[in-house]
């Protein structure tokens, strides 16, 4: 399915840097942009109110908040249990302790059902394989498998668009700046695992990744913007 044939999309929208940047871009490309946010009892559930506020501010077509608290019951993680501190070290299985098993499987499934009801042709999600947190459900192969499952399971043409898949964090900041929304993304989104808007706590892994990317972009704007244009043009991982 070509982008030209898509007019109505559903954005998986957490209120964080990545999904907000995807939402901003979608508003320039599609006629109808619908957001869906998931409340799974997450540690940083302040992001839900941030998502609501941003949805109104950016004037998207509609915004749905879904209660998926069953995920909290099933998936034990530092993001679903306040008693488990966020760690900078990997667990024995090689994954961060902030990994929530099945989260993106559930989110994309529900977003697919929502898209079906709306008659939307695509789902947009801000997952990224190039500069990511080590989550297996952020990988390109996973997304393509989910897309195939949704198409076959609902007998409907449906594309999962991943604008950030092959971008690093600096390039994601550049993308927000390209749409003149760098300040909004920097100061009004919530990426921090401890629920602090903007630059966050500065200590959790999410804040470290976000800060490092921002510093890289601000120090090398022209170079990063050029690399963004190249990555966007090819749609492939950069050497």
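Heads up, the Cβ atoms here are built off N, Cα and C, so glycines get one too.
Note that the coordinates shown come from a computational prediction; the quantities given were computed from them, not determined experimentally.
DSSP assigns residue 15 (ATP binding site) to coil, not to a helix or a strand. The feature ATP binding site is assigned by Swiss-Prot to 13, 14, 15, 16, 17, 18, 19, 20, 21, 22, 23.
Around the Cβ of residue 204 (Zn(2+) binding site), 24 further Cβ atoms fall within 10 Å across all displayed protein chains. Positions annotated as Zn(2+) binding site by Swiss-Prot: 192, 201, 204, 207.
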Other same-chain residues whose Cβ falls within 8 Å of the Cβ centroid of 13, 14, 15, 16, 17, 18, 19, 20, 21, 22, 23, the recorded ATP site, in sequence order: 11, 51, 126, 189
Residue 19 (ATP binding site) to residue 201 (Zn(2+) binding site) - Cα separation in whole Å: 20
By Cα-Cα distance, the member of binding-site residues 13, 15, 23 nearest residue 201 (Zn(2+) binding site): 15
Cβ-based isolation winner (fewest other Cβ atoms within 10 Å) among the binding-site residues 23, 201, 207: 201
Tertiary neighbours of residue 17 (ATP binding site) (same chain, Cβ under 8 Å, six or more apart): 172, 173, 176, 185, 189, 191, 210
